[in-house]
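Working notes, beginning with the structure itself.
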Amino acid sequence: MNVKTALILLVLALATIFALVCVLLTRGRAPSTCQYQPLEQEDTDDGQSLVFADLTPEEMVQVVRYLQGNLGVQLVDASRAKPSDNCIASVDLQVPAKAEVLRFLDGGGARPPREALAVLYFGNQPDPNVTEYVVGPLPMPTYHWDVTMQKYRGKVPYHRRPVTGKEYMDINALIQQELRKAPRFLATCCESDGTDLAILTTAPRGFKSGDRATWFVLFHSVAGTGYYLLPVGLEVLVEHRDLRVSHWQLRQVFYNGRYFASMGVLEEAFVASLLEVVRIPKPQAEAVLGSMRPQRPPSSPGPLQYEPQGPRYSIRGNRVTFQGWSIAFGMNPNSGPRLFDIRYRGERIVYELSLQEALALYGSNCPGGMLTRYLDGSFGIGRFAYELVRGLDCPYTATYVDRHYLAESEAPKTNQNSLCIFEHDAALPLRRHFSDSQSLYYGGLRKNTLVIRAISTLINYDYIWDFMFHGSGAVEVRVHATGYISSSFLHGQGTDYGNRVGPHTLGTMHLHHIHYKVDLDVDGQLNSLETQDMAYKIMKEPWSMQNTIERLYLRRKRLEREDEAAFLLNTPMPRYLSFASPNPNKWGHPRSYRIQINSFAGEHLPASSPMERSISWGRYQLAVTRRKEEEPTSTSIYNQNDPWTPTVAFADFINNETITNEDLVAWISVGFLHVPHAEDVPNTVTVGNGVGFFLRPYNYFNEDPSVDSPDSIYFSSEQDAGACGANPLACLPPAAACAPHLPPFRYGGFLNLSLALPPGGL
């Protein structure tokens, strides 16, 4: 062996020893930290999307100051206002007219003045009423005008106003006063003096316009768990229409299938042994029905989604951009999430995509359950979108955004981190193909989606609102229901209305109907509605004429009028229905976006119901109308407390106008029938309880636009699939070997809440 060979062997030996030492030293060490940079949000946006931005707390404060100094009446803070007082109920953004906005966005016109919409309750007037004012310009208002007559073609009567927290507190005081009239009954039935019972509101509040009488359902309440599964069988009817709180009365009492004129009469029946009492011991925290406390110790952490090099989306003010998508986002305190100016590759697809209403309609053999038709917008879908829990409600590394609102107070409130934005790896190919003939190759694309999410907790139910943006140019809208079911006391033939889920608890059947507004602008504002579906035609074989075949063909139709485009709930509708532009794509077909609905809604309220017109949007799974500035929403917060004379009746929007080459709006209803069962305890799970719709490009492009995605994968049999240059997936192991730099877990969602909650609830 010569010296040169010996040196080579020595170098190799030293290199081997060094490598082994490195392996031994690094074994068991924590992975290195990724170069993860959390997304920094811009505080202001000088761009065009500001025209849709929610009001800032500073703007709300200025509106309140202006109203206090310029209306000429005394205003009481709504948090302590009596029905006989004047107060500011809410302040929100007044979205400018679409024509003004488009002149600004597309035509180089002036920016529309920024304005607020203020809702005031005038109880201290000869003619008490609800009045809406437009106030502007912001940030320093100098004018206001009454828009109530213009919006609603009449005044809004005072009895239609939503119930405030202060009104609930006064009702609670009355109920507690009345419960003290039946001490022996309460001690026997419920081991209670009444002060520890939870009180749940129902709605509507009567049977005719002008009524304001509400059934309240009483439950056992145990700290740290939902009371909604613990009814005690007692329900009370409170009359609270009079503007003088001292004139309110408890009108009727229901217990275990029987009705009584008052708590005193109920107590007399109990003392005389004329009342069958079901003794329900006060539940203990460690064994209470519906407890969400963990029953097992924590296990090892599950899979974690993270971005190895930080977020690939960008947020500036109220606009988020991601791989060709651009969306302006916001939150209406009543109706919830709303998106504007949704563009893909610079072209506007949707001008407005907004939640309108969520209806929950119950059945029961108890009064509170049998009459309940909750219109959640009246309670505040956006207002009750609270802080999201990092790592559970949204991915740990999602971007969390604060939302501000002013309702029932003269000071703005903040629901911090109440909206999240993240890129989601669906663990599913968006598209793929493995070729095993002619040539051998693999091509595909991961299904990565931008998600904008908020979750509204409407007392017992939690609604998860998702807006998802796909690389194929599709928009997906989805809602999941979770949280607690609402229940009735089980008595008589209760199981005709649901399933027994506890010793004395009936899980009451109910419908969830959700309504959306979709103002599509497909390749411009002028669109038509086209349908396509399959059909068979029986014909002779062209090549022999001796046999017949059933030839499948495509049946096309253009719908000309609104009445044709109003598809009743649970009736057949064309499988393909599209908003079509007059302009063709490269292949000669109209550039279009298809509406595809995923729903299993229950039956709509019968047309004979005196309150059906107030929820007449629920008649239709889809209705397409001409867009009108005077028809901005399908419902009103005033419909809940006067559904018999609705302030807004959606059915009036459909009047058979032409819908060919017009600015059109799609109104979409989705929902499901829920018959609660044992597995809904403690909570309804999201699995199987999600509905929604897609807006999918249909000949809008000349090919799938995701072909341009930088995430595309392709390699052939002649390439080294493990080489980074040929396959980006091969580069993931080094990146995946690092750990993300995670922000610390914090949660402040309880900071602006009081334990003395009003007896409200859904």
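Placed from the backbone N, Cα and C atoms, the Cβ positions cover glycine too.
According to TrEMBL, the domain 'Copper amine oxidase N2-terminal' annotation covers 73-143. Taken from TrEMBL, the feature domain 'Copper amine oxidase N3-terminal' covers 161-258. The domain 'Copper amine oxidase catalytic' annotation in TrEMBL covers 305-706. Annotation source TrEMBL lists active site, proton acceptor at Asp376. As annotated by TrEMBL, 2',4',5'-topaquinone applies to Tyr461. Here TrEMBL flags Tyr461 as active site, schiff-base intermediate with substrate.
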Taking 10 A as the limit, how many CB atoms besides its own sit near the CB of Asp376 (active site, proton acceptor)?
25
Calculate the distance in Å between the alpha carbons (Cα) of Tyr461 (2',4',5'-topaquinone) and Asp376 (active site, proton acceptor), and round it to a whole number.
11
Number of other Cβ atoms within 10 Å of the Cβ of Tyr461 (2',4',5'-topaquinone) across all protein chains:
25
On the DSSP side of things, how many residues of the domain 'Copper amine oxidase N3-terminal' (161-258) fall into helix, strand and coil, could you say?
29 helix, 30 strand, 39 coil
Using DSSP, break the domain 'Copper amine oxidase N2-terminal' (73-143) down into helix, strand and coil residues and give each count.
9 helix, 26 strand, 36 coil
